[in-house]
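Beneath this line is the structure, given in structure tokens, with notes to follow.
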């Protein structure tokens, strides 16, 4: 079996519906050779919206399996797949909600999405394409409908009572969380419990060794099912991460979890969600392989939106140095927007050329780029959350596999925002993504190289070099709506331009509007 490229399956696991951990698991991957290479382009997919195999309107695991060839067909010579290396699958565990971030059974698949057999089949088919899958693992909280929480409500002497955090006479019930939210919630039995996000998601008590053991068992279970790693939801909030003591306890827990997972699979890939400033994020690299760079994502989108560089390369270099001080092997998790944010195409007011620029920047920076499903075809959407998670558009109209779990407000089809329409259009956003991913993968400098900012005499140009094993590529992005001329080193040849019109004569480089140029 070839070493898999990386797929991030964002299984934000809503907590296990069964009270036991004794679910037998067929081990899907056997005898994998260790590999240190965890670099790759990931695709974040919301299964419910992706592809419907059983015609009930909801996306499912069989549908995702059927459409793996859209993501990566396993043939490096074809041009019609995205050629991503990994899939991050959003939650697939049983849950009472549409998003499934409130788990009722950590050891199973939501029946709406399929079953464990479907999951294992997906893992095996991903293997065939050298694609890795990571699951979004939700360990901070369970659903309030989880059997553990229900048992805790019914019986104060239940062992599950101490799985959660309860108020006592000294508790300040008016305490607010880090974004001003209410964190103490009244249970049906009249008591108050702690929940960072809302009353339907009671936080687990990680001061309880039984909880830590339980969640380690959950991780081991899914590794045995064939998953290659985890996207760790709300990694900041296991303890109160905004406090020094809470942050320290968080890191100790993630060290414990990491050690247990690596014992099960030495190549496990762990990426965490710590939604905060780089200084808060950085210490978590002591425990994890990768963390999402929200600060850099904001700079990319705001710069492209404004049409002038707001310090993208400087920020990328600074966070790179900071993160490496905690983990020299860190892998930055870079992205434009995700399932909790307004879609990048809406942020860019539907401007396809700006969307191409944002993609080009993302796919030439250090780290593992994450593409949110639909980003590659220009899907739009603004909060509330349901509207940034609308059905993926395969067709201009209706067609086989098109999901319909909700009526789209933004992405209704018929306006060119579909795989069907953009595959036929040579200069489409989809084909731009296909091309830029391949350009990245063809040059080790862009995958593994260090970054250094290049000073240019134009705020409309984002410029940096990527260097690996003594070889460098200089990257220039014109993010304005006008052609730009900049001075560059006389040496070096133009090896790639995102579209025609770029020209290098000695030390003068002309870059058309919203275009990217590589010089080597």
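Each position is counted from 1, following the chain as shown.
Heads up, the Cβ atoms here are built off N, Cα and C, so glycines get one too.
Annotated Ca(2+)-binding residues in Swiss-Prot are 140, 203, and among 77, 99, 237 the one listed with them is 237. What surrounds the Ca(2+) site, by Cβ distance within 8 Å of the Cβ centroid and not counting 140, 203, 237, is the set 141, 196, 197, 201, 204, 234, 238 from the same chain. The closest partner of residue 273 (active site, proton donor) among the recorded positions, by CA position, is 233; the full candidate set was 233, 237, 340.
On a Cα basis, residue 340 (site 'Transition state stabilizer') lies 16 Å away from residue 237 (Ca(2+) binding site). The subset of recorded positions (140, 203, 340) lying with their Cα within 10 Å of the Cα of residue 233 (active site, nucleophile) consists of 140, given in sequence order. If you take the Cα of residue 340 (site 'Transition state stabilizer') and the Cα of residue 140 (Ca(2+) binding site), they are about 17 angstrom apart, rounded to a whole number. In sequence order, 196, 203, 204, 233, 234, 235, 237, 238 make up the list of same-chain residues 6 or more apart from residue 140 (Ca(2+) binding site) whose Cβ falls under 8 Å from its Cβ.
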